[in-house]
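Per TrEMBL, the features are:
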COMPBIAS  1-17  compositional bias 'Low complexity'
REGION    1-49  region 'Disordered'
COMPBIAS  29-41  compositional bias 'Low complexity'
DOMAIN    47-459  domain 'Kinesin motor'
BINDING   Gly134, Val135, Thr136, Gly137, Ser138, Gly139, Lys140, Thr141  ATP binding site
COILED    576-685  coiled coil
Amino acid sequence: MKTTVTTRTPMRVMRTPHLQKDIRLRPQTSTESNGSESGSTPRPRDPVSVFCRVRPLPSEGDLSCITVRNSTTIVLTPPEHALGNKHGALKETQCIFKHVFEAKDTQQDVFTKVAQPLVENLIRGRNSLLFTYGVTGSGKTYTMTGDSRHRGIMPRCLDVLFRTISDYQTKKYIFKPDRLNGFEVLSETDALLERQQEMNQRFASGRGGLKRKDSDPELASQASCEMAPLQGIDEDNMYAVFVTYVEVYNNSVYDLLEDGGIQKSLQSKIIREDANHNMFVHGVTEVEIKSVEEAIEFFQIGQKRKRMGHTVLNAESSRSHSVFNIRLVQAPTDCQGENIVQDKRTITVSQLSLVDLAGSERSSRTKNTGMRLREAGNINNSLMTLRTCLEYLRENQQMANNNLPPKKVPYRDAKITHLFKNYFDGEGQVSMIVCINPRAEDFEENTQVIKFAEMTQEVQIARATPMKADLGLTPGRRKANKLFKMAVNNLNDLGYTDAQKLDVDVGLVYTLGPNFPDYQLDSPEAEDTIELLMQYLVQRIDKRKILCDDLDNRMDNFRLLLMQREKENLSLRTELASLKAVYKQERDRSTALENRIRIHESSIDVLNHKLSNRERQIDDLTRKLRDHQNIITKKELEKENQKKKFDSKLAVEVDRRDRLHELKHAKLQNKIRAKDEKLKLLSNIITSDELALAKLPRSRSIDNLSEDKEQQQAATAGSIRTVTATATPRTDVYSGAPRVPRGMAAANRRHRRSRSAGEKWIEHRAQNPVPLGTVLQPYLKNRKSVTKLTDMKDLTGHNANKYILVSQDADTDGDVETKLFKGNIIPTCGGGAQVIFDDVECLKQTSPVPSPNLSGLSAITSINSANEIASRCNVGIEGHTVKRTKV
């Protein structure tokens, strides 16, 4: 039997109509609510995921204050030199994280645990926020960016994202930013014009298709790492990736990808709220990228504009918070799975924000000044605002449990918190990596970081519910379109040129079997052909019956499951009613207890206030008592000092009076001795038979001699007093108070200096001595000449043991007579010294020929009679004045 292909029987398939005008937004999962908590069940909340990464020690000899106990727990041990750890006052602190990465963990381990779930959320249309927190030099930038050998989280996220959507990317400029945090869909023609315009601009700028000059080969090599694609992508959608890179410097936002050269000064941007109440940086540059290499190149351009600085703790320290946003734009394809639906409402935009926070630092350690100090202050203020916002969120959770109105979170106090307000309000998942440097020197900073991490883990963020457009299109249509095109290409390769004219048919996915075979009935007796057609139809009928039975089973199972859920719902409602009653009772009881606590707290406050007042009074009385005691002690000391001063003055005055008495006594003795000599001379003159004419000058010389002797003794005594008073230290008294003389200081008159020390003389002489002109002159080998003794150091400061006083006077003949008064310097008990004179040397020159003046005087005196001599002697003895007769 001959069979030829002459006709084709079309197969009827069920199609879902294309309803572009009736777009319904449905949640991605049936278990999530639409975000409205009023009048419905509150949305489920997830705590902030906090991870910890411990940096390796710089050297093996450094002390560590961090110990990793297990994969979720670390122990912070205070070092001995820590502030406030005197006598072991600080204790070990244990902190639990979602996961702890030790120094041996690789960058891949960190990415798998932390960032890979966020990339999966990005593909499913959910927003995510990941930021690194820690002190300067703890490894935040290394964790987020990495280096050429160890890629960080950011390049790994880009790599796995592009590997996942590699077969589902749109052509460039299909999606175009509308500058208001949204996107619009361009037709293929408009997108082609945009691509042509970009190419013309590149050729006009001289770059053409060459590599960007701002790219870094070392950083671009980070893209060369094999990453496995992720699961869960919607194959009926088309995707495009956009990136933005901004920094928050001194509480101002700057676009690091702004057009212009790297040396161009950046303009600050403002933060706005879009139509969906999402915060965004207005006027930021959004770049569409098609590969990891292109993304790394743009990232490097932003890195060259980022503020970096040198500090004591880090050679290259970030002086700003950097935010790298990865935005994934996706839209469904049409009913044929060919092109994107040209409707802006069908676009779904998800965002992954990677934030590298600047390190908190203390100026006492970094030694920052000027601009660096201002930068550090702004960094610490923004981090403090972030901490304050998280504390308010935690308090609002507690207040919500007590049916209290929430506080207003101060997001606007810092740009970094204002920018991510939506994440904390429940529009995305929030994760944090706490980077810790385990050095003992960073113990205080690590303590604050761990406290912040513990507080952050207590904050719960409402789970986001992304809204996905439901067009009612057939699932799997894009894959069916691809299979259809592959079949058409195969037919074309086999020689069926008409296959290219076939319309796209995605119904093949739901067929009941293969297509009807093409048979030609040549005669009514073509039983074989009819038999084959009957077998084909029986197969289709059996297939349809199987599908119908499966549908019935599914419907029965669904009905049973629905009834079971209704029963569970009824039981849950009953249980909820009982729990509400119990909850009301407990709430009333809790309210009563809170009232009692409030009353007790008020009474405690009153008692504390009274106690503080009493303590303040005790402190005041104690201070007054201490002041009185100090005054009494001061007065007693003043009395004691005055007593000592008066005693010293009295001793000095007594000593002075004793010496004056001794001098007066010595003068009287000298006068009596002189009178005795005069009387003896007078008696000799009277009893002598002959009066020698030479006696008269002798009598006069005797008077002169007695007067010279008295002057010399007075000078000697004065010198002795001067030396003794100068050598003995005196006690200073207040001005205006009378001096009390002290007695002579005790000294050893037998004191002898060691012979080996030699003799050193203090030569006390006049300032302008008369030249001697003699052959024999005083010779002192080791001497110190002084002209006056006004200070104790003049006598004791030269380590001398001998004292010599050089005195020059005129003798009776008018010649110069030099006398050398010698004495020993003896130390006293008060630290001074005394001089004891023991020898006098006299150096005098006389003329061998008598002076003519003396001869004339002898001739004159020879004329006087004995009565005149007697009268003069009487005058000399009795002290009467006699008018001298002129000769």
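Cβ from N, Cα, C; glycine included.
On a predicted model such as this, the values are computed, not experimentally measured, just so you know.
Mapped onto this structure are the features recorded in TrEMBL.
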residue : record           : Cβ within 10 Å
Gly134  : ATP binding site : 26
Val135  : ATP binding site : 22
Thr136  : ATP binding site : 23
Gly137  : ATP binding site : 23
Ser138  : ATP binding site : 28
Gly139  : ATP binding site : 19
Lys140  : ATP binding site : 25
Thr141  : ATP binding site : 23
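The DSSP secondary structure for Lys140 (ATP binding site) is helix. In this structure, Val135 (ATP binding site) is part of a beta strand by DSSP.
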